[in-house]
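The structure appears right after this line, and notes come after that.
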Amino acid sequence: MEKTQETVQRILLEPYKYLLQLPGKQVRTKLSQAFNHWLKVPEDKLQIIIEVTEMLHNASLLIDDIEDNSKLRRGFPVAHSIYGIPSVINSANYVYFLGLEKVLTLNHPDAVKLFTRQLLELHQGQGLDIYWRDNYTCPTEEEYKAMVLQKTGGLFGLAVGLMQLFSDYKEDLKPLLDTLGLFFQIRDDYANLHSKEYSENKSFCEDLTEGKFSFPTIHAIWSRPESTQVQNILRQRTENIDIKKYCVHYLENVGSFEYTRNTLKELESKAYKQIDARGGNPELVALIKHLSKMFKEENE
């Protein structure tokens with residue numbers, strides 16, 4: 001018996017829907033709404049843009065979890081541990097193209113161009129991240145930041161870029177978006193290795209098990225070139241809690257967490273200055289303040 005289009009759609013989207021029902025922070029949606037303080041995009045267009053950004057973000061998480069061999073996402077089993085890798089890859093790719101289909105409904109000649117450019121950026125950043133990890137090549141801090149701007153900046157840039165197509169506000173927001181992109185990713189890196197809440201939601205220090213070069217580990221590796229401890233731990237892809245606790249202790253001792261916190265504080269105040277220079281934005285400031293609590297409270 002021929003399956004109806006609706007049934008097929010349901011089967012294809014099941015892994016994606018599974019991820020959607022997990023509790024998320026909705027940071028991207030809040031960010032778009034905050035930027036609308038300046039951009040004043042019509043509500044119907046804004047809703048489509050928010051939907052597209054969320055679709056792409058969530059689809060990229062499905063793929064991320066496969067590429068990173070993750071066990072948990074938001075404290076629940078990753079989609080591919082339930083549905084299998086082939087179904088999840090297909091589901092995520094399907095959602096990318098549903099996102100493209102939605103972008104077409106915006107009816108703007110530049111929308112697809114922007115979509116394509118930002119998705120290429122996203123994949124370039126992601127590809128570099130994986131390459132460094134799997135070839136045991138530690139990037140410099142500058143190389144890492146450039147990669148982050150492609151990876152996190154890809155979707156940030158898409159949301160705000162699409163919004164600007166429907167706005168009279170034409171000021172260049174890229175410098176601010178870059179600051180926010182770095183802030184979000186470095187905060188995430190810090191949380192993965194240092195925050196209690198994160199270790200309850202993801203397996204403890206998952207970035208170490210994954211072998212990922214993140215902001216604190218890159219600092220530790222370059223600031224102590226005579227020691228190869230961190231590289232060796234990352235190379236092992238270890239799930240051993242004691243080794244991971246030792247690594248966190250080492251990062252603390254060589255000042256990598258302090259360096260990361262200071263970098264985050266600098267990015268935070270840089271963002272406030274950039275926001276002020278554009279006439280202020282209370283919603284955006286409130287969002288950044290909320291996200292900054294994590295690396296301040298912990299250490300007080």
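The backbone N, Cα and C atoms fix where each Cβ goes, and this holds for glycine too.
When Arg74, Arg117, Arg133 are compared with the isopentenyl diphosphate site residues Lys25, Arg28, His57 in Swiss-Prot, the one appearing in that site is Arg74. Neighbours of the isopentenyl diphosphate site: apart from Lys25, Arg28, His57, Arg74, residues of the same chain with C-beta atoms within 8 angstroms of the site's C-beta centroid are Gly24, Gln26, Val27, Glu54, Asn58, Leu61. Listed in sequence order, the binding-site residues from Lys25, His57, Asp64, Asp68, Arg74 having a Cα within 10 Å of the Cα of Lys212 (dimethylallyl diphosphate binding site) are Asp68. Secondary structure at Lys151 (dimethylallyl diphosphate binding site), as computed by DSSP, is helix. Other C-beta atoms found within 10 angstroms of the C-beta of Gln185 (dimethylallyl diphosphate binding site) number 21, with every protein chain shown included. Among the residues Lys25, Arg28, His57, Arg74 said to bind isopentenyl diphosphate, no two Cα atoms are farther apart than 16 Å.
Comparing Arg73 (dimethylallyl diphosphate binding site) with Asp64 (Mg(2+) 2 binding site), their Cα atoms are 10 Å apart once rounded.
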